[in-house]
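Peer 1: According to Swiss-Prot:
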BINDING   D78, D80, D82  Mg(2+) binding site
BINDING   C79, C96, C103  Zn(2+) binding site
Amino acid sequence: MDKNLLEAVKFDEKGLVCAIAQDAETKRILMVAWMNAEALQKTVETGFAHYYSRSRQKQWMKGEESGHTQKVRALRLDCDGDAIVMLIAQNGGIACHTGRESCFYKVWRGSAWETADAVLKDEKEIYGSTH
C-alpha cells in the first residue's frame, strides 16, 4: 500500500471512506459509494474506479458486470480527509445500475420526489436481469 496515498485519508470505524464520482466534463454528480484502502489503492494503480460493497462485503470495479467503467481523471480529498471526489470519464454514459446517467435522478418537487432523468438502457439489457 502507498503510505503517502493513504495517510491523509480518514477511514471510518469500518475502514471505509465516502467516494463521490463526478463527471470530469459536465461536473454532474454521478454516484456515491464507499472505498476501503484496498479499493483506493487499486483505483490509483489501474486508473479505474474501484469501490467496496457494504452489502456484498467485497471490493468491486465499477463496470465489471455492465461495462460502464469509470476512468479516473483526478482524485480530490476534502478538508477533513473523510470524503473523496473522483473526477471521472464515464464509459457508456451510464453510472447508475438503473440504466440512468446518474444515481441522482429524482428531484424534490415540493411535495413528492419525481423522476427527472430517463432510463438510457434497461437494467435487463445491462445485467440480464434486474440488479
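Every residue, even glycine, has its Cβ placed from backbone N, Cα and C.
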Peer 1: Between D78 (Mg(2+) binding site) and C103 (Zn(2+) binding site), what is the CA-CA distance rounded to a whole number of Å?
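Peer 2: So the Cα of C103 (Zn(2+) binding site) lies 21 Å away from that of D78 (Mg(2+) binding site).
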Peer 1: Just to verify a number: CA distance, D82 (Mg(2+) binding site) to C103 (Zn(2+) binding site), in angstrom, no decimals.
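Peer 2: D82 (Mg(2+) binding site) to C103 (Zn(2+) binding site), Cα-Cα distance: 21 Å.
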Peer 1: Cα-Cα separation of D80 (Mg(2+) binding site) and C103 (Zn(2+) binding site), in Å?
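Peer 2: Each residue's Cα considered, D80 (Mg(2+) binding site) and C103 (Zn(2+) binding site) end up 25 Å apart.
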Peer 1: Taking the center of the Cβ atoms of D78, D80, D82 at the recorded Mg(2+) site, which other residues in this chain have a Cβ no more than 8 Å from that point?
Peer 2: K10, L77, C79, G81, A83
Peer 1: Would you say which of the binding-site residues C79, C96, C103 has the most Cβ atoms within 10 Å of its own Cβ?
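Peer 2: The residue with the most neighbouring Cβ atoms within 10 Å is C96.
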Peer 1: Per DSSP, to which secondary structure element type does C96 (Zn(2+) binding site) belong, with helix, strand and coil as the options?
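Peer 2: DSSP call for C96 (Zn(2+) binding site): coil, neither helix nor strand.
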Peer 1: Which one of these binding-site residues, D78, D80, D82, has the sparsest Cβ neighbourhood, judged by other Cβ atoms within 10 angstroms?
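Peer 2: If we count Cβ atoms within 10 Å for the binding-site residues D78, D80, D82, the smallest count is at D80.
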